[in-house]
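Asks: Sharing a structure with you now.
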Amino acid sequence: MADYQTIYTQIQARGPHITVSGEWGDNDRVGKPFYSYWLGKIGDAQIGPIYLGASGIAAFAFGSTAILIILFNMAAEVHFDPLQFFRQFFWLGLYPPKAQYGMGIPPLHDGGWWLMAGLFMTLSLGSWWIRVYSRARALGLGTHIAWNFAAAIFFVLCIGCIHPTLVGSWSEGVPFGIWPHIDWLTAFSIRYGNFYYCPWHGFSIGFAYGCGLLFAAHGATILAVARFGGDREIEQITDRGTAVERAALFWRWTIGFNATIESVHRWGWFFSLMVMVSASVGILLTGTFVDNWYLWCVKHGAAPDYPAYLPATPDPASLPGAPK
């Protein structure tokens with residue numbers, strides 16, 4: 001007889017698809033699911049059916065348009081040479097308009113395509129959010145996933161639209177591309193006095209580490225007590241059995257305090273939400289209320305004022321002959 005393993009799923013449950021009472025009553029599923037043996041090794045083996053609906057189709061259409069704009073502009077950088085496109089893919093990018101355009105509409109070849117790609121990407125994310133929210137309501141679920149996703153969308157809007165608007169230049173936006181967007185992150189930090197001194201950046205990183213710690217601790221705990229039925233978490237919320245009692249005792253022995261089966265999920269949801277919220281606040285404060293985070297920390301006693309041993313290095317962009 002097969003036994004249940006907690007490191008990987010050895011038993012794959014397959015049976016008739018059970019309908020769920022939704023917003024419009026009991027309805028049969030549209031589409032026929034199929035099964036994947038290998039995906040069943042790490043999760044549910046059933047694939048589909050997938051429901052797109054109007055908002056899902058719109059999200060797919062807008063997203064595909066944004067991706068095509070980005071890829072065609074990347075290909076144009078290497079004169080549509082397929083070999084060079086794949087060879088240099090990580091270095092190719094679609095860049096925002098130059099600072100000289102401010103908040104104006106630039107020509108397509110000089111940042112206009114970046115604006116169009118950003119517009120379609122925003123429409124795609126917004127349409128997908130509507131889909132996530134409406135599917136949750138149709139199934140009678142809470143809308144927790146939708147609001148976490150909304151926080152992530154807000155962060156994307158902050159770095160690509162809201163922050164450039166507040167400082168008055170599209171050039172502050174993030175380029176599309178693998179290395180280009182990482183280069184932007186480095187330049188953004190240097191321009192505003194080392195972003196690591198921004199407290200909200202620290203909060204965001206702290207919440208991100210907290211998410212990893214919470215998920216690791218919770219996942220390991222449930223796997224450890226699965227032999228006692230701890231994987232049936234919904235039942236254990238209202239009727240604690242030996243699994244939860246053992247898990248709680250372990251954590252009280254270890255750190256003196258334990259979460260409940262319900263509260264640990266609330267912590268994870270809140271921490272993941274605050275990763276994006278904290279990062280968004282930091283972006284919005286940068287360049288608007290704080291021009292140099294290091295000097296801001298020195299002023300408020302949060303960082304040491306290092307003596308200048310070497311002469312100040314001028315900004316290369318301010319030197320005569322530099323491109324404007």
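Using N, Cα and C of the backbone, Cβ positions are placed for all residues, glycine too.
What you see is a predicted model, and the numbers here were worked out from it, not measured in a lab.
Straight out of Swiss-Prot:
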- 2-51: topological domain 'Cytoplasmic' (TOPO_DOM)
- 52-76: transmembrane segment (TRANSMEM)
- 77-110: topological domain 'Periplasmic' (TOPO_DOM)
- 111-137: transmembrane segment (TRANSMEM)
- 138-142: topological domain 'Cytoplasmic' (TOPO_DOM)
- 143-166: transmembrane segment (TRANSMEM)
- 167-197: topological domain 'Periplasmic' (TOPO_DOM)
- His181, His201: (7R,8Z)-bacteriochlorophyll b binding site (BINDING)
- 198-223: transmembrane segment (TRANSMEM)
- His218, Glu233, His265: Fe cation binding site (BINDING)
- 224-259: topological domain 'Cytoplasmic' (TOPO_DOM)
- Trp251: ubiquinone binding site (BINDING)
- 260-284: transmembrane segment (TRANSMEM)
- 285-324: topological domain 'Periplasmic' (TOPO_DOM)
Asks: In sequence order, which same-chain residues at least six apart have a C-beta under 8 angstroms from His201 ((7R,8Z)-bacteriochlorophyll b binding site)?
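Replies: Same-chain residues close to His201 ((7R,8Z)-bacteriochlorophyll b binding site) (Cβ under 8 Å, separated by 6 or more) are Phe195, Ser278, Ala279, Gly282.
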Asks: Using the Cβ centroid of His218, Glu233, His265 as the reference point for the Fe cation site, which residues of the same chain not in that list have Cβ within 8 Å?
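Replies: Other same-chain residues near the Fe cation site: Ile222, Ile261, Glu262, Val264, Gly268.
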Asks: Which residue counts does DSSP give the topological domain 'Periplasmic' (167-197) for helix, strand and coil?
Replies: 21 helix, 1 strand, 9 coil
Asks: List, by number or range, the same-chain residues at least 6 past the topological domain 'Periplasmic' (285-324) whose CB is under 8 A from its CB atoms?
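Replies: For the topological domain 'Periplasmic' (285-324), the far contacts come to 100, 163, 166-167, 172, 188, 192-200.
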Asks: Neighbour count, 10 Å Cβ-Cβ cut-off, for His218 (Fe cation binding site): what number do you get?
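Replies: If we count other Cβ atoms within 10 Å of His218 (Fe cation binding site), we arrive at 18.
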Asks: Is it possible to list how many residues within the topological domain 'Cytoplasmic' (224-259) are helical, extended or coil according to DSSP?
Replies: 24 helix, 0 strand, 12 coil
Asks: Given the binding-site residues His181, His265, and counting only Cβ atoms in the protein chains shown, which has the most within 10 Å of its Cβ?
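Replies: For the binding-site residues His181, His265, the Cβ with the most other Cβ atoms within 10 Å is His265.
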Asks: Return the count of C-beta atoms lying within 10 angstroms of the C-beta of the residue listed as 'ubiquinone binding site', excluding that atom itself.
Replies: 14
